[in-house]
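Worksheet: the structure to be examined is printed underneath.
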Amino acid sequence: MTTRMAVLGAGSWGTAFAMILADAGSRVTLWARRPELVDAVNRTHTNPDYFPGIELPDGISATTDPAAAIAGAEFVVLAVPSQTLRANLAAWAPRIGPDTVLVSLMKGVELGTAKLMSEVIAEITGAGPNRIAVVSGPNLAPEIVRREPAAGVVACRDETVAERLQHACHTAYYRPYTNVDVVGCEVGGAVKNVIGLAVGIAEGMGLGDNTKASLITRGLAETARLGLAMGADPLSFAGLAGMGDLVATCSSPLSRNHTFGANLGRGMTVAETIAATRQTAEGVTSCRAVLDLARRHDIEMPIAQMVVDVVHDGKPPPLVVKELMSRSAKPERR
Ligand SMILES: NC(=O)c1ccc[n+]([C@@H]2O[C@H](COP(=O)([O-])OP(=O)(O)OC[C@H]3O[C@@H](n4cnc5c(N)ncnc54)[C@H](O)[C@@H]3O)[C@@H](O)[C@H]2O)c1
Ligand SMILES: O=P(O)(O)OC[C@H](O)CO
């Protein structure tokens, strides 16, 4: 029997992941807020707002009615901005069945609570860890919709559930690996956006590859420090949701976080950069929540601090670079 999937959120990654699921053989109902977009998906099999000219598989249909999308779905895939998930899910939760698996595509931390998306899902729906999964890894949506080969991670504390999801999103161009370390995969995904901003800032300032490689490597060190304090498996940070995603985000002009940082490094103001960014750059808000999380776990995250200083406290990039470089000397493993 064909598996039914709901993807709630028809932005960049929601649309690309719906394509993966449909290419892997499921029937996918994509929920979008705007009737014009729903109409375009159903009539023309395209999402003109995000991927003009890309033909979506026949297995995808769209609706503005979340209840219609959720009804009968084995997996409900959540693809909205991290900061709106709580409110969205509160409205959707009464429609979600007791056996449905909830899948987070999001890479952010909730501002105010410092909660990971899996924690918000558990809190709002009451779902246990065997019904909450996360997809992460180096998955720039514009490359995925061109069906360029990529690998990803599907994480769930229950390995059999992770394997079911793996099967549901395994295609000729998308190779998902299972992982039971949900926290590690989520921390990797959320913090890489913040490091992507930092690398973008450096690039925009005209700094070169030594600077960028140093930020990536020390960024991974601070990601792992936070993850370990939260109970993550250190090996996850050497994997696709850690190093893999960091490399993609920090090297690609397709990354919204990287581009946002580069605009700031070039001298654009935060307001100008926000105006120029049509899509979700999670690190911009999540950097403050990541720092909050670090404080709660008594962890130092100097690069995340530098990003907050620039993005939220208006410090000029050259000043934060100077501050970062004048920190006291220490052993590499601390
Ligand atoms: N784009 C990528 O390449 C990519 C890859 C992996 C993970 N992600 C993650 O996926 C998540 C979603 O990102 P995206 O790229 O799809 O962003 P996006 O900006 O392209 O799309 C977000 C979607 O959410 C909708 N939305 C915005 N505000 C909303 C609200 N208040 N209520 C309901 N819906 C709302 C938008 O209309 C849009 O359809 C982010 O956490 C991002 O980090 C993105
Ligand atoms: O465009 P970004 O910066 O949100 O990054 C997209 C994906 O997370 C890359 O894996």
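Just so you know, the numbers here start at 1 and follow the chain as drawn.
Glycine is no exception: its Cβ is also placed from the backbone N, Cα and C atoms.
Unlike curated entries, TrEMBL annotations are predicted automatically.
Site annotation (TrEMBL, ligand NADPH) includes Ser12, Trp13, Arg33, Arg34, Tyr50, Lys107, Ala141, Glu282; from Arg164, Arg175, Arg256, Arg327, the additional listed residue is Arg256. Of the listed candidates (Lys192, Lys315, Lys322), TrEMBL assigns Lys192 to the same sn-glycerol 3-phosphate site as Lys107, Gly137, Asp245, Ser255, Arg256, Asn257.
Among the residues Ser12, Trp13, Arg33, Arg34, Tyr50, Lys107, Ala141, Arg256, Glu282 said to bind NADPH, no two Cα atoms are farther apart than 23 Å. The Cβ neighbour count for Ala141 (NADPH binding site), using a 10 Å radius over every protein chain in view, is 22. With a CB cut-off of under 6 A applied against ligand 2, the recorded positions Ser12, Lys192, Asp245, Asn257 are reduced to Asp245, Asn257. Mapped onto DSSP classes, the domain 'Glycerol-3-phosphate dehydrogenase NAD-dependent C-terminal' (181-319) shows 106 helix, 0 strand, 33 coil.
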